[in-house]
Amino acid sequence: MATTTAECLTQETMDYHALNAMLNLYDSAGRIQFDKDRQAVDAFIATHVRPNSVTFSSQQQRLNWLVNEGYYDESVLNRYSRDFVITLFTHAHTSGFRFQTFLGAWKFYTSYTLKTFDGKRYLEDFADRVTMVALTLAQGDETLALQLTDEMLSGRFQPATPTFLNCGKQQRGELVSCFLLRIEDNMESIGRAVNSALQLSKRGGGVAFLLSNLREAGAPIKRIENQSSGVIPVMKMLEDAFSYANQLGARQGAGAVYLHAHHPDILRFLDTKRENADEKIRIKTLSLGVVIPDITFHLAKENAQMALFSPYDVERVYGKPFADVAISQHYDELVADERIRKKYLNARDFFQRLAEIQFESGYPYIMYEDTVNRANPIAGRINMSNLCSEILQVNSASEYDENLDYTRTGHDISCNLGSLNIAHTMDSPDFARTVETAVRGLTAVSDMSHIRSVPSIEAGNAASHAIGLGQMNLHGYLAREGIAYGSPEALDFTNLYFYAITWHALRTSMLLARERGETFAGFKQSRYASGEYFSQYLQGNWQPKTAKVGELFTRSGITLPTREMWAQLRDDVMRYGIYNQNLQAVPPTGSISYINHATSSIHPIVAKVEIRKEGKTGRVYYPAPFMTNENLALYQDAYEIGAEKIIDTYAEATRHVDQGLSLTLFFPDTATTRDINKAQIYAWRKGIKTLYYIRLRQMALEGTEIEGCVSCAL
């Protein structure tokens, strides 16, 4: 009888990959076959997941076995009574969760769930994974564990990959895997950087390095002229380190390097990404970022020469590293100072070269240095970003002795990320609780992270308690509500949604500081402590400009913060402080978007039915969230929508986000380097902080996979 049933199942159920592929084929009426993808989910669960899952007679037996066999971390479970743990697992399994798309289910079972050590059988379903994440992050707090479970199962909150993947496992990686480190202009710092690249890449980390402080090619060493090799050999060493330490062969290490636009090596730096670059200088796997101050744009407008300053001389004359000097502010005096060597380059030629390289490779990322620092409420200077260009935090230099031991441990940066699904968050029965739970969950990631192999990362995290609460599914939500991406209603909603998120996130951080009697280091020197930060919200009219958006917030039962609420929050923050130095950052969200059935981040879809290359599996198809055959007109893709509307949307969010947002620009295949330059200038004028990749329509044919940091993009 069992054989007959199996035969019937095979006959009735098409191969789940074939069913999923039918998303890419219209039916006889010319309609997209959304039902085939739902059938693919059912077939995948029935014919692959269930037959390959280990079953237990009870949850108690399951937990005992997983602990005894070394799968679950017993210390996580021991913070609670076993009765509570079993009750929470039972609660999770009665939530009614089901995957909305085949790609979501496929991603979860191939990349996230706990498997037997031979990799052949599944030990968790989605509810199990969520429960273990909640138990880990709540650290013994039963109320928080229940709230985290509900927020994740409802699809409102989704921790980033390293957290969601590793929580509760006995054999696990770090809960965070995105790092930013400075390199100073000495061999000890360079040596430490290569070691840090190895250590962090071994742990699956994506690491960005600041190169701006390194002396240029031809600079003196010990006063002997023309001795320095510049930044390119350091880039080569870092690239080799990432290639070597590739997480047990599972994934190539991921690295990025940032260089200031006024560094003398800037053109050589950019040329490393040319398709026809000499192999001696070509950089194949490192991501590149350029830090551009306001003065560069002003010089380009005037068609003037831009000076490139020797970091060696600037540090010698100013007594501080090049990256810590505000170039726009000191530009004229740097030009006039004869003690500082300089080269000259036409500013428009620089932007032309920048666009040419982006046209060829999609790189470099851009950080608008002065925009970032004007918006920064924390004392100190921001001089770099990360592998996905959304982390923007202050850092400080470390010093080493000749043994590479620290004589002064500076502060480097790690990113503790997770995202809210905008559509489900707007549907939340308690918007305030959703945001508070997410902030508390991410704060737990910071509190639990100890990267001892790189002491400056450990010190920076301990001092800042920084987190990055992100957002996803903006396009999906707007389309569900009948709003076109980039329309006046869409911009109005984006502004007010992030406005509301900001108030609730800050309030939660204030509550954490009050509960713990502790703020982030440097709070007293911040614009939060002085109350200055809140001025923007105590002025102006922060209410809906369109009737449609007013209706959305009313229907969701969300009270937009009033001036009185902001004034009270300001007073509370000035009295108690805030616990987290940084609260928001919007990453690109790759795999977690698919699991959550969300559009990525806050940018538009790249296709109505996205085609993903999934390793040996080949092509997998993903339909945009909330899309039906009746509302297709609301699902213009990013190439059709164009750069300006994307920039306008990000500008509305940027005014509220204390860190950055991963902003990819999409261009049709008819675009020129002039179009790219115009978009860069428009983004600068609109107050955008960073630009991520440049994508041209023909590049999408190669596949839509994101090469970047697993913490952010996947």
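Here the Cβ of each residue, glycine as well, is placed from N, Cα and C on the backbone.
These numbers come from a predicted model, not from an experiment.
According to Swiss-Prot, the residue from Thr161, Thr407 that belongs to the substrate site alongside Ser177, Cys178, Gly206, Asn386, Leu387, Cys388, Ser389, Glu390, Pro588, Thr589, Gly590, Ser591, Ile592 is Thr161.
Secondary structure at Glu390 (substrate binding site), as computed by DSSP, is coil. Between the alpha carbons (Cα) of Tyr693 (site 'Important for electron transfer') and Ser591 (substrate binding site) lies a span of roughly 18 Å.
The most densely surrounded of the recorded positions Cys178, Cys388, Cys415 is Cys388 (count of other Cβ atoms within 10 A of its Cβ). A Cα-Cα distance of 7 Å separates Tyr692 (site 'Important for electron transfer') from Cys388 (substrate binding site). Counted over every protein chain shown, other Cβ atoms within 10 Å are most numerous around Glu390 among the recorded positions Asp185, Glu390. Note: the CA-CA distance between Thr161 (substrate binding site) and Asp185 (site 'Allosteric effector binding') rounds to 34 Å. Note on proximity: among Asp185, Arg215, Cys415, the recorded positions of the record, the Cα nearest Thr589 (substrate binding site) is that of Cys415. For Cys415 (disulfide bond), the nearest of the binding-site residues Cys178, Cys388, Glu390 in terms of C-alpha separation is Cys178.
Taken residue by residue with DSSP, Cys178 (substrate binding site) is part of a strand.
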